[in-house]
Amino acid sequence: MSLLPHLMRLVEEQHLSAADAEAAMQIVLRGEASHAQIAAFLIALKMKGETVDELVGFARAMRAMAVPVSPNLEGATLLDTCGTGGDGAGTFNISTVAAFVVAAAGVHVAKHGNRSITSKCGSADLLEAWGIPVAMPPEATAFAIREVGIGFLFAPAVHTAMKHAHPVRVDLKLRTVFNLLGPLTNPAGATAQLIGAPSSHAAELMAGAIAALGLERGFVVHGSDGLDEITTTGPTLAFEVRNGKVERRTLEPADFAVAIAAPEDLKGGDLARNLEIADSVLAGAAGPHRDIVLVNAAAALVAAGKADTFLEGMALGVVAIDSGAARAKVKALADFAASR
């Protein structure tokens, strides 16, 4: 099999069917395409523009070739909070901190993420600074999700076939379809998600894709300021996915009873700065950093069915932080990893 026929169709601005997209991704993941071919494929796809069918096909191939992580929750909801990364906004690790808040509120979390590729500090970088090794064996990660309430799915460890495309991504230093696919390919089978998208168009595509892929409930969000999170600087476009249906919504800071923030209030920095911010939020410090973590945790709790409304989710998040439970989840995961 060759990637070239699929590449030529993209060059001619023809869309791939879901089946053809799946076949093309299988070629990439099996190492049957050169780096030059992969780079050309990614750029041609980016210039043409991705479709829902293409995302569905790519995601199916990646899911099928991922290392399985099976927490065996016996019907309990499993949530992922994952952005596409690389939004260029320079914020701190909002979805990662929110994941621990959600776990402390009683929802099992399978946090899917990676090291920084196009930003200064990825979710994996922050976790390691907390003493949490990110590349635990799948069995250990599954146990952590089940018993600690949260586990980290390190993309290179669970998507080992991505090693064939990783050097290309690093060299290109561009956001590609793989940024969109990360949140669509959780190998633990998350049934609820809060997904951050890099644009309103990408959010709509990703929502259509996860609906087609069978997600029970979730939100795909894009802030008006460009954040791949629910922002607190203004409105956020949200696509709510529920049992195959997609509903377009606009979320405002007032929906969560938080003050409107200035963009500079949400800035992070390098690993040291992001660690400082994350620690201060989990220690209970008030301010815009806390607000945006709570807002995203609240939406995640609604997606998981733990809260019926965003305000209920906010209340659960406040308790999780101010009781020390969220910070305790960080320590519990670090202690669990150290004991393995």
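Glycine residues also receive a Cβ, built from the backbone N, Cα and C atoms like all the rest.
Annotated features, as they stand in Swiss-Prot:
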type    : residues                                    : note
BINDING : GLY83, 86-87, THR91, 93-96, 111-119, SER123 : 5-phospho-alpha-D-ribose 1-diphosphate binding site
BINDING : GLY83, ASN114                               : anthranilate 1 binding site
BINDING : SER95, GLU229                               : Mg(2+) 1 binding site
BINDING : ARG169                                      : anthranilate 2 binding site
BINDING : ASP228, GLU229                              : Mg(2+) 2 binding site
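Secondary structure from DSSP puts SER95 (5-phospho-alpha-D-ribose 1-diphosphate binding site) in a helix. Put simply, of the binding-site residues THR91, HIS112, ARG115, ARG169, the one whose Cα is nearest the Cα of GLU229 (Mg(2+) 1 binding site) is THR91. The DSSP secondary structure for ARG169 (anthranilate 2 binding site) is helix. The binding-site residues THR91, SER95, ARG169, ASP228 include none with a CA atom within 10 A of the CA of ASN114 (anthranilate 1 binding site).
Sequence-distant contacts (6 or more apart, same chain, Cβ under 8 Å) of GLY83 (5-phospho-alpha-D-ribose 1-diphosphate binding site) comprise ILE94, SER95, PRO183, ILE195, GLY196, ALA197, ASP228, GLU229. The Cβ of ARG115 has fewer other Cβ atoms within 10 Å than any other of the binding-site residues HIS112, ARG115. Least packed by the Cβ count within 10 Å, out of the binding-site residues THR91, SER95, ASN114, is ASN114. Counting every protein chain shown, the number of other Cβ atoms lying within 10 Å of the Cβ of GLU229 (Mg(2+) 1 binding site) is 27. Its Cβ taken as reference, ARG169 (anthranilate 2 binding site) is surrounded by 19 other Cβ atoms within 10 Å in the chains shown. Under the DSSP three-state reduction, GLY83 (5-phospho-alpha-D-ribose 1-diphosphate binding site) is assigned to strand. Distance noted between the C-alpha atoms of ARG115 (5-phospho-alpha-D-ribose 1-diphosphate binding site) and the residue listed as 'anthranilate 2 binding site' is 13 Å.
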